[in-house]
Each structure stands twice: as C-alpha cells, then as structure tokens.
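Undergrad: Checked TrEMBL, it gives:
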ACT_SITE  Cys161  active site, acyl-thioester intermediate
DOMAIN    6-225  domain 'Chalcone/stilbene synthase N-terminal'
DOMAIN    235-382  domain 'Chalcone/stilbene synthase C-terminal'
Amino acid sequence: MGREETARNANPRKATILALGKAFPHQLVMQEFLVDGYFKNTNCDDPELKLKLTRLCKSTTVKTRYVVMSEEILKKYPELAVEGLPTVKQRLDICNIAVTEMAIEASQSCIKKWGRPISDITHLVYVSSSEVRLPGGDLYLAKGLGLRPETNRTMIYFAGCSGGVAGLRVAKDIAENNPGSRVLLATSETTIIGFKPPSTQRPYDLVGVALFGDGAGAMIIGSTPLPNLERPLFELHTAIQHFIPNTEKIIDGRLTEEGISFKLERELPQIIEDNIEGFCVKLMGFAHYTEKDYNKMFWAVHPGGPAILNRLEKKLELLPEKLNASRRALADYGNASSNTIVYVLEYMLEEAKREELRQNEWGLILAFGPGITLEGILARNLTL
C-alpha cells in the first residue's frame, strides 16, 4: 500500500484505466474569430456586449474549440438564434443525435487502443448533460457500438463539469466489485442545448460562449490487467466525493422551453479555493502523503476556467508545470464539461512519454461541478 508499491505493477485489487479515446464534431472554432461569427449568426449588433465578449475570449485562454453548431443548423433552425422562442424540442432533436455520434466515435477509438474484442465489455457507464430522452443515450450508444444486450448499463445525467470524474468513480466501483469485468466509460457533450443569442439581461451567458466546447471522451476501466494483452495507464486507488453545503445556487442550471439556462456566480473560484485544500489532503492521506507533498504529485485537474486553475495553483503553491496538461486541454478544447478530464489525462501521458518534465508516480484526478460538488481520485501513473 502507498509509496512502497512500484510503478508499472498494478495492484490487482484496484481498478485501472486501460485505454483512452476522444472524438469531436467537425466544426473547429478559432477563438479570435468567435466574436464576429457569434454576433453575425445571432443577428445582434450590440457594441457593449461585443466588447465584453471580446475581453472574455482573451481572458479564458482558450485558443480553439470544436462545436456541433454550424451555419447549416442555424439555417434549418433559425429560431435557435431568436430570443424567447420555445425551442427545447429542436435542440434535443439535434443534441440527441450529435452526442450519440460523438460517443460512438470516441468509444471506438478507445476500444481500438485497448486491443480486445468489443464483446469483452461487460458494463457501460454513460455521462452527459446535453440530452434528455427515454430510453437514454446509454442504450443508443450500446446499440450503435454493437454491445451485447446483456451489457450492464449505468447513466449519469446532468452532473456538469464533474461528470467525467464521477463516471470514473462509478466505473472504478463496478470494476473492483465484478471480477473480470471491463467497463466502458463514455462522456459526450454539446453546447447546443444552451445556445442563446446575446442579451443585456443575461450578461453571464457570454462566459459560456467564450469558454465551453463540444466533444466526447471514453475510457476502458478494469482490474487485474491481462499480461501481454492490456497495458494499464493509471491505477485508481481511492475515490471520494464531497458537496459544499449551501452552494447549490452557485452553479445553477435549469431545463426550460428555450433549452438549458446556466448561471455561474462570481464566487465559484473563491469557494473552490476555500475548500480544495482539505479535500486534497484527505485524498492524499490514503497514500501517506501530506500537504507538504503537493509538488511530489501529478495534478490532473478539470479546467473549469483559468481562474479556478490559477487559484488552485496559488492556494496549494504548486509549481507552474503541475497544471500544464489542464491548461493545454483548456486552450485546445475549451471547457468541454465532463469530457475534459479525458483530454487532460491524454496530455499527461504525452508529457510523460516525451519526458519533458520530471513525472510523479502518484497524483490526483480532480473535477468540480454543480452542488458545488468536488470529485477526486487518488491515482498512480503506471506508464513511468
């Protein structure tokens, strides 16, 4: 247990991530062109709002994003760019198809890297905050992939930005309690569910316009990796969750006739800063680390935004390179909600492979979402 375990040797009692995959819609948005395109597509010419969005686009540190929204969609559904019209049906018609297509593509990429037959998948955990239907997206993903009908499915809806790590926690529990199981975790998100024209009544909407992106992610999780067949990437040692009392209005999302309306309060980064240290110290303690050891660990943090990363870095006195993977994922993909932790983990493995920086065996996988909910997993990098 703890530090005496050696790298590359996975603890057979613990779940491991065996493969990662990702997928994106075809529409790539360069941040420097976003403002003009957004105001043109929504037929708005408010100079004050335009200036505000321009400032936000620079401060988010996002450079590129992938989105489902396109001129073709707006031509087919012009009502999506009109204030006050009931468009939830149209949005769900688009979202339900888009998230399934992206989830299938990400899962296929992941399964190919894993290298075992798709029939060896025993469980599916599906995460999304971008669709609503019965049956849910888990069934359409299972059908689209050709999973066996007896595959056990679990669905996590509307967990927001913490959904990816929440799904990983659930997949870990499944893998460790079902010997021989292999769990496919898939996440898929699109901002079309909340796309709106700019409004002086909702200036906070512009934060989402400047920050959020679309895409999908996938992981295969299982215990006791098969020698010569599976190559474990991360061991998932301990997972915990914590909600901060009386903060449920800080990240407020509601499904309305106009789609999902989100409101993020300004206090969000401060609340996370005030609560993150105790949460991390508790998690680190399972590997006998203390608050003096922050820089002896790797940090795979969901990049909710630059302010959250900056405050976490300052509060824990992290070396600047500790959040490299999170900042790269934010710059390249924006905040893609539940998917983003997959992109962060991929960048961490890429950095370890290039040996640009000294890599640490133990680390934390973290995300923050509605609640405010903190999700954390103590993990080991098995690729070193």
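Using the three backbone atoms N, Cα and C, a Cβ is placed for every residue, glycine included.
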Undergrad: Per DSSP, what is the helix/strand/coil residue tally across the domain 'Chalcone/stilbene synthase C-terminal' (235-382)?
TA: 68 helix, 43 strand, 37 coil
Undergrad: If I restrict to non-local contacts, at least six residues apart, and a C-beta distance under 8 angstroms, what lies near Cys161 (active site, acyl-thioester intermediate) in its own chain?
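TA: Correct list: His302, Gly304, Asn335, Ser337, Ser338, Thr340, Ala367, Phe368, Gly369.
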